[in-house]
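All remarks here apply to the structure that follows.
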Amino acid sequence: MFEVYSLTGMAAHLIILLLFSVLKGVHSITTVRKVSVKAGKSISIPCLYEFQYKNHVKYLCEGYDWTFCRYAVKTNEADPSGKYSISDDKKLKVFTVTINQLAHKNTDYWCALDITNGQDYGQYFQLSVTRGTPSVFVDHQTITGYIGESITIRCHHSNSGEMKWCRLGRSCVTGSSGSIDGAAVTAHMRDPNVFTVTMSGLRSKDSGWYWCAKGDIQIPVYLNVTQKPITTYTPTNTTSRTTRTATTIHTVATIEQGKNSTIGENKHRASFDPRILIIPLSVFIWIVIVVLFIWFILRHKQSKADSSVTPVAEEEIIYCDVRPKKRSLAKVDTEVTYSEVRLNKKGKRSFAESEMEILYSSVVTKQRMKRGDGKDTGVTLEHIS
């Protein structure tokens, strides 16, 4: 009887220790329970842990059974396949696991803590991978807000159940208004299948992980609250113009679910001054004037050369008077005097004019006076070449 009691007491003690260990592990890690995602996409899951585990190794374990799950990725060991990644924010006490290229078999996982010389702690979450539209989704898991301003989140849903907006490990807002850690929250469902949440008066401490839920399906959202950038104007002076360059760095912090959201926008605008065209246009006009002047000079010379007439060689006529020499009376002969006339050529003649030349020559016979018995006849011959 004593032995039976002892065995029963030991069994009860072991059960209590086991339950305590399990409950301790559950409360050591906080995460979402069930998330609907589309096949082929990526999802990031936050795992909140307690402060005393800040320096412990964190990891993601894949499998439905905690006892037999396998390591997917660790904070001290990267996944060589690239399917899984993990990061640890020790300030917020949250490690985040990201699963890429989701397939239908990627459904059961555990957020886990590596406990040295003890049993590891793990918290289970389930992924519902679908080919169609997820039951609950947002456009972007990461949104940015500015200190002192508001941010709006739109949660799309297609299932039934209670709508919630919660901070991971903290309180939730289920009605039309409320607050989370001092930040005012309003919610409404004016649009069909859209749960719209607005957080006002943002502070830097409001940064962290939140989740939107409809029924038993949740979707985690990371809110990053920062100081709003200041727009600066820098004047730029040059010798030819003065411009004012406005550089605006603006990050849009509002994410509306179901519509396209803008995260990060850089605009560089510069005013245009028409006076910058004065110098290039002046140079261009001056070049055109010079070219036209040179062309006009060359054109004028060409026209003058074309209009000039080729000079025609003039003929030079040389007149020669031939007088017979006096002879003695004893000798009476016929004296012939030859005269040669040459034409001097001046200039060039055209081709047509050089083909043929017509020369006229005349021979005049002068009668001499009779002397004695004989007659003296003078004959003048002209040879023209």
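Glycine is no exception: its Cβ is also placed from the backbone N, Cα and C atoms.
The domain 'Immunoglobulin' feature in TrEMBL is assigned to 32-130, 140-226. Taken from TrEMBL, the feature signal peptide covers 1-28. Annotated transmembrane segment per TrEMBL: 276-298, in sequence order.
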Secondary structure content of the domain 'Immunoglobulin' (140-226), with strand meaning DSSP E or B: 3 helix, 53 strand, 31 coil
Local confidence of the prediction over the domain 'Immunoglobulin' (32-130), expressed as mean pLDDT: 96
Residues in the domain 'Immunoglobulin' (32-130) grouped by DSSP into helix, strand and remaining coil: 3 helix, 51 strand, 45 coil
